[in-house]
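Features of the protein shown, as given by TrEMBL:
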- A:52-277: domain 'Radical SAM core' (DOMAIN)
- A:Cys67, A:Cys71, A:Cys74: [4Fe-4S] cluster binding site (BINDING)
- A:Cys110, A:Cys202, A:Arg272: [2Fe-2S] cluster binding site (BINDING)
Amino acid sequence: MPEILDQARTQVLENGVGLDQAGVLAVLNLPDEHLTATLQLAHEVRMRWCGPEVEVEGIVSLKTGGCPEDCHFCSQSGLFASPVRSVWLDIPSLVEAARQTAATGATEFCIVAAVRGPDARLMKQMREGVAAIKAEVDIQVAASLGMLTQEQVDELVEMGVHRYNHNLETCRSYFPNVVTTHSFEERWETLRMVRESGMEVCCGGILGLGETVEQRAEFAAQLAELDPHEVPLNFLNPRPGTPLGDRPVVEGKDALRAIAAFRLAMPRTILRYAGGREITLGDLGTRDGLLGGINAVIVGNYLTTLGRPATEDLKLLDDLKMPVKALSATL
Amino acid sequence: MTAMRDAATRAGDRQPVPAGPWCDRCGEAAASGPHDGCAAARALEPPRYCAHCRRRMKVQVLPVGWSAICVEHGELRG
């Protein structure tokens, strides 16, 4: 057994203290022959500190495309020659999307907008949309609207938004290679305000942006420092027309090693499968990740791409005897 | 308008497959070469270009399904 796994068994599994950056790097550098043992340990950590439940979420794009920012992975930036056009979702369709999501057994519904930060029109749409969902659908509402002012944070709390997603996307040292129109620190400031407001913090990122293994470990350590309630883990799905459109997808074994390493860095967080898992891991890899530290999934489609049918993920959870977290457990 | 609607989703299909002179993923001529990569990618993507006129469509992805609107040829759903 590699020394780092022995250390993790005592430190993380028994004592609930996450690995630091050096420890995460040691896990990420483990050879393939230790991958099964690493995933098994990460699964034990998840079961010990989070339990068997899996949190299921659906997401929808309220405002698609035309974003002024230049996040190099994103097909919704208006600065790239992407085929994605700008479109707004109306309130009845938003409520219907929430209803469809709730019908899968999901407890979370995240409303997302491709913006630098919300303007008055978007905040008005949010206020009306959240109120309509709360009146008609039994589901928790989360939001992801870019960078916020303190006033906007307060307004979202008042609307009843219980969790706010704002991904750091990658580590501080690599961030300027991925985004040039705003800084890592600006994102961190929004996250600070969200935490202080009492909303739950949802913050993750994307692996496969060209970062080194060392930078993956740096990212895990920075997320652990932030200590978010939830970490959505995406794998790059290279989008046509974006600066990262020709990058290779992450190797399945590297993706699984990263899942386990992030779990060993953050034993208590909700670690969610997000975009890119279908092309990076396929069906078998998806199962391996759920047995390697993942305890939450986005079901159904993503913002501009499609996912597996929710029924397939729910059947997999049933096969694995992993109960879907009930709404009563989230309140 | 009706041409595309007629070619849209068939009951039970996960992805509608509109026939036309243009590739609905990359927007290049369908006859310009193989679009095997586009066809494979479309299993997990909605169409972006109208297969009839090559216009970029307004696409809304929803948790279950999607819609794509061409200003000239109407709406597809999947």
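Heads up, the Cβ atoms here are built off N, Cα and C, so glycines get one too.
Around A:Cys202 ([2Fe-2S] cluster binding site), a 10 Å sphere centred on its CB holds 26 further CB atoms from the protein chains shown. The separation of A:Cys74 ([4Fe-4S] cluster binding site) from A:Arg272 ([2Fe-2S] cluster binding site), Cα to Cα, is 20 Å. Counting only residues at least six positions away in the same chain, the Cβ atoms of A:Cys74, A:Gln76, A:Ser77, A:Gly78, A:Ala114, A:Val115, A:Arg116 sit under 8 Å from the Cβ of A:Cys67 ([4Fe-4S] cluster binding site). Over the domain 'Radical SAM core' (A:52-277) the predicted model carries a mean pLDDT of 98. Taking the centroid of the Cβ atoms of A:Cys67, A:Cys71, A:Cys74 as the [4Fe-4S] cluster site, the other same-chain residues with Cβ within 8 Å of it are A:Glu69, A:Asp70, A:Phe73, A:Ser75, A:Gln76, A:Ser77, A:Ala114. Taking CA atoms as the reference points, A:Cys110 ([2Fe-2S] cluster binding site) and A:Cys71 ([4Fe-4S] cluster binding site) are 20 Å apart.
Across the structure, A:Cys202 ([2Fe-2S] cluster binding site) and A:Cys71 ([4Fe-4S] cluster binding site) place their CA atoms 19 angstrom apart. Cβ proximity to the [2Fe-2S] cluster site centre (mean Cβ of A:Cys110, A:Cys202, A:Arg272, cutoff 8 Å) flags the following additional same-chain residues: A:Glu57, A:Ile59, A:Glu108, A:Ala142, A:Ser144, A:Arg163, A:Asn165, A:Gly204, A:Glu230, A:Pro232, A:Ile270, A:Ala274, A:Ala296, A:Ile298.
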